[in-house]
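Asker: The structure under discussion is supplied below as structure tokens; questions concerning it will follow.
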2 protein chains.
Amino acid sequence: MLPVLVVHGGAGTIPKELVEMYSEGVRVAVRAGFAILQEGRSAMDAVVEAVTLLENNPVYNAGCGSVLNEHGNVEMDALVMDGRTLANGAVSAVRRIANAAQLARLVMEKTSHVCLTGEGASKFARAMGVPEVPEESLITDRSRKRWEKNLAPGANPVENQMGSKGTVGAVAVDSEGNVACATSTGGMLNKMEGRVGDSACVGCGGYADNRVGAVSPTGHGEAIMKVTLSRLILFHMEQGKSAQEASDEALAYMWERVQGLAGVVVVDPRGGWAARFNSLQMAWAAAQGQQLHYGVYRGEDLIQPLQDPDHHQH
Amino acid sequence: MLPVLVVHGGAGTIPKELVEMYSEGVRVAVRAGFAILQEGRSAMDAVVEAVTLLENNPVYNAGCGSVLNEHGNVEMDALVMDGRTLANGAVSAVRRIANAAQLARLVMEKTSHVCLTGEGASKFARAMGVPEVPEESLITDRSRKRWEKNLAPGANPVENQMGSKGTVGAVAVDSEGNVACATSTGGMLNKMEGRVGDSACVGCGGYADNRVGAVSPTGHGEAIMKVTLSRLILFHMEQGKSAQEASDEALAYMWERVQGLAGVVVVDPRGGWAARFNSLQMAWAAAQGQQLHYGVYRGEDLIQPLQDPDHHQH
């Protein structure tokens, strides 16, 4: 069954007029990442490539297109983990870089630490030669309008946050059976300055272990953290559950304990995979063998041939 | 058996001349925190009180006495979690406050978020009326000397870090059977600016769930994060292991997978407890019933009456 790549573009309620864009973007990303796996390259390379494309796509709440915090700034969290060694890297509340997941990978590979935050992360980025980008290049009209809407008198920021959880992520198994995950996000709309969500917190916003599998979640970060969702799913898989069973059990538990909505993409080291969510929607896509699976609504599992001439890689 | 409080003052190699001070400090803290439990107050109140005393004690690597980062600054991480609701709060890389665990509790109680970092955490502290303290008030001569030693030509910062892991923490069960944990640290000696360790990462640097128990760890943060040590121990307890068995199994696994050294204090909701470590030493103390247990070296379990007239509460 190997290799396999599964990506998501956020769980929540996607505005109708954006559904096709959300779905198209994850398909483009999964094709590009899967091509890397087909070349025999690593699961880590594939998940970072897929997430980079999603960060660069202004539709999603990561990289360009990130939601704005209370002051109108973009602060991003990201995490990567390598199932071979359990090595992981993260950045939190980092500003003015285009690709937070790539920076998280540099933290993993080039430092003895696993997480750098804020200005320290920015300084590390400069030392690594990662270009600083103007904040404006990360901000879309849609992000700014939603931020302004929440500042208006009578606004209900909590309500307006629903549907905004377009965190992106990917999990993969490469042809050698190594698993990896990557997650990247602009966080929560109108969040407080310095707010760190699950996407920078290993075991919550992602986990990868060659012995068990890999998970990347999306959704209500604070709920995901309360149940350490990624690690929880892998514990169920260690107990013999399939990726799908483990995901459904953990999502149901999260709802029961803390009324949280979220979605996950999951792989096991043999190439089994799942894309599950208890939110209304999650844009996801999976590539394996000759097929591309994808969906947005619950129960949806559409299939295209990966080589479909109408769906060239962009 | 309820209530019970267990505290630690860091795992590692404690310099001989400091062993008595390390041990005395955890006994003072456990007596103070346990008095709160005996008054019928909450596990959360008790763990925060115990950790506050340890932060204020210059012996430990938390609050006053924190190790310095590469630039000679103090940046602190802390985490609290309430087992009743799974609510948790954290701060990371926060500067110029005396008691990071109290600020983490405010994040939990006064915001819709679970973690604030850096300058955002400082602004929140000011908004909450938490006094900003001069950085010098957090820096001891010992911290500064160790930092300078690592800047000297030929210094081996990694070697000099060994023995420096005096993170502090506490776990408790109150008389109603609620569990809580608190962890606080200055992090790793000569760490990079913005480095965040396990102590701000829920599931790694602490976890508390009324259904299972509570954990606060100390040791090599990056290793603790690779195995999400706190959540791992509680998963073993969910599978029927005692606090001690679960701790030993998880510490052995951490050594096998990532060669990490750490220690933990653990409680279960019935009042069972453990203080275990695979490092050479860990200063710990536990209070339950009429007895105070404590130790520093492996296998040590010394007992004093809690009311011992020679050991008045300070």
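From the backbone N, Cα and C atoms, a Cβ is placed for every residue, glycine too.
What TrEMBL records for B:Thr167 is active site, nucleophile. Taken from TrEMBL, the feature substrate binding site covers B:Arg195, B:Val196, B:Gly197, B:Asp198, B:Thr218, B:Gly219, B:His220, B:Gly221.
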Asker: Under 8 Å Cβ-Cβ to chain A, which of the recorded positions B:Thr167, B:Arg195, B:Thr218, B:Gly219, B:His220?
Answerer: B:Arg195
Asker: Could you tell me the C-alpha distance between B:Gly219 (substrate binding site) and B:Thr167 (active site, nucleophile) in angstrom, no decimals?
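Answerer: Cα of B:Gly219 (substrate binding site) to Cα of B:Thr167 (active site, nucleophile) measures 7 Å after rounding.
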Asker: Can you give me the Cα-Cα distance between B:Asp198 (substrate binding site) and the residue listed as 'active site, nucleophile' in Å, rounded to a whole number?
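Answerer: Counting only the Cα atoms, the answer is 10 Å.
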Asker: What Cα-Cα separation, expressed in whole Å, is found between B:Val196 (substrate binding site) and B:Thr167 (active site, nucleophile)?
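Answerer: If we compare the Cα positions of B:Val196 (substrate binding site) and B:Thr167 (active site, nucleophile), the gap is 13 Å.
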Asker: Where does B:Gly221 (substrate binding site) sit in DSSP terms: helix, strand, or coil?
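Answerer: Its secondary structure by DSSP: helix.
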Asker: How many Å lie between the Cα of B:Arg195 (substrate binding site) and the Cα of B:Thr167 (active site, nucleophile)?
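Answerer: With distance taken Cα to Cα, B:Thr167 (active site, nucleophile) is 15 Å from B:Arg195 (substrate binding site).
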Asker: To the nearest whole angstrom, what is the C-alpha distance linking B:Gly197 (substrate binding site) and B:Thr167 (active site, nucleophile)?
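Answerer: With distance taken Cα to Cα, B:Thr167 (active site, nucleophile) is 11 Å from B:Gly197 (substrate binding site).
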Asker: Work through the binding-site residues one by one (B:Gly197, B:Gly221) and point out the residue whose CB has the fewest other CB atoms within 10 angstroms.
Answerer: B:Gly197
Asker: Of all the binding-site residues here, B:Arg195, B:Val196, B:Asp198, B:His220, which one's CB has the most other CB atoms within 10 A?
Answerer: B:Val196
Asker: What is the one among the binding-site residues B:Thr218, B:Gly219 whose Cβ has the most other Cβ atoms less than or equal to 10 Å away?
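Answerer: The most densely surrounded of these binding-site residues is B:Thr218.
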Asker: Reduced to three states, what secondary structure does DSSP give B:Val196 (substrate binding site)?
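Answerer: Going by the DSSP assignment, B:Val196 (substrate binding site) belongs to neither helix nor strand, so it counts as coil.
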